[in-house]
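A.B. asks: I have a structure I would like to understand better, so I am pasting it below and will then ask my questions one at a time.
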Amino acid sequence: MSGSSRRLLWAATCLAVLCVSAAQPNITTLAPNVTEVPTTTTKVVPTTQMPTVLPETCASFNSCVSCVNATFTNNITCFWLHCQEANKTYCANEPLSNCSQVNRTDLCSVIPPTTPVPTNSTAKPTTRPSSPTPTPSVVTSAGTTNTTLTPTSQPERKSTFDAASFIGGIVLVLGVQAVIFFLYKFCKSKERNYHTL
């Protein structure tokens with residue numbers, strides 16, 4: 001075997017290893033944060049929470065304390081509203097006439113809203129793994145009331161077999177091997193000695 005054939009064989013082997021390693025599924029995927037939202041029945045439907053970026057509007061605040069404190073920290077005026085007719089509590093830029101408003105943190109209640117907030121999530125429902133309950137942490141800041149926050153644990157994601165990816169990986173590897181084979185044959189044909197008559 002000549003020097004160029006060895007290099008070509010070595011390059012083909014490295015390319016095949018690279019293709020096989022790239023075709024393997026990514027095992028270290030992170031599961032999204034999942035919280036359970038109670039419905040009118042006893043069935044629990046999990047929803048995916050998106051990570052929050054720095055809030056710029058009042059609608060992005062989901063608690064009374066963060067809504068009222070936005071006036072001081074983000075230089076925007078927000079009101080925490082309790083609407084009895086719609087049975088909703090939320091943060092808004094301006095008060096509504098049929099809702100009572102809260103503009104001080106000492107008036108904020110720790111009771112969560114009774115109606116679940118609808119989301120536009122397309123995530124499949126996942127089951128929470130059996131794990132010990134995390135200990136709640138108490139967050140306290142000057143001039144506010146104590147609120148107990150329970151951290152949500154991330155459920156493990158079950159990996160499933162994806163037939164389309166498997167077939168695509170096989171086609172990719174066979175295609176790369178065919179290209180390598182024809183390149184090898186082409187280079188081998190160039191190495192022959194041609195004799196003139």
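The first residue you see is number 1, and the count goes up from there.
Positions of Cβ are set from backbone N, Cα and C atoms, glycine also.
Below are the features listed in Swiss-Prot for this protein:
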CARBOHYD  ASN26  N-linked glycosylation site
CARBOHYD  ASN33  N-linked glycosylation site
CARBOHYD  ASN69  N-linked glycosylation site
CARBOHYD  ASN75  N-linked glycosylation site
CARBOHYD  ASN87  N-linked glycosylation site
CARBOHYD  ASN98  N-linked glycosylation site
CARBOHYD  ASN103  N-linked glycosylation site
CARBOHYD  ASN120  N-linked glycosylation site
CARBOHYD  ASN146  N-linked glycosylation site
REGION    116-156  region 'Disordered'
TOPO_DOM  24-162  topological domain 'Extracellular'
TOPO_DOM  184-197  topological domain 'Cytoplasmic'
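Each of the listed features needs to be described in terms of its position in the shown structure.
C.D. replies: Taken residue by residue with DSSP, ASN75 (N-linked glycosylation site) is part of neither helix nor strand, so it is coil.
Residue environment of ASN87 (N-linked glycosylation site) contains 10 other Cβ atoms, counted within 10 Å of its Cβ in all protein chains. DSSP assigns ASN87 (N-linked glycosylation site) to coil in the three-state reduction, outside any helix or strand.
Within the same chain, residues at least 6 positions away in sequence whose Cβ sits under 8 Å from that of ASN98 (N-linked glycosylation site) are CYS83, GLN84, GLU85.
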A.B. asks: Whole-number answer please: how many Å between the C-alpha atoms of ASN69 (N-linked glycosylation site) and ASN87 (N-linked glycosylation site)?
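C.D. replies: One finds 23 Å between the Cα atoms of these residues.
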A.B. asks: Enter the number of other CB atoms within 10 angstroms of the CB of ASN75 (N-linked glycosylation site).
C.D. replies: 7
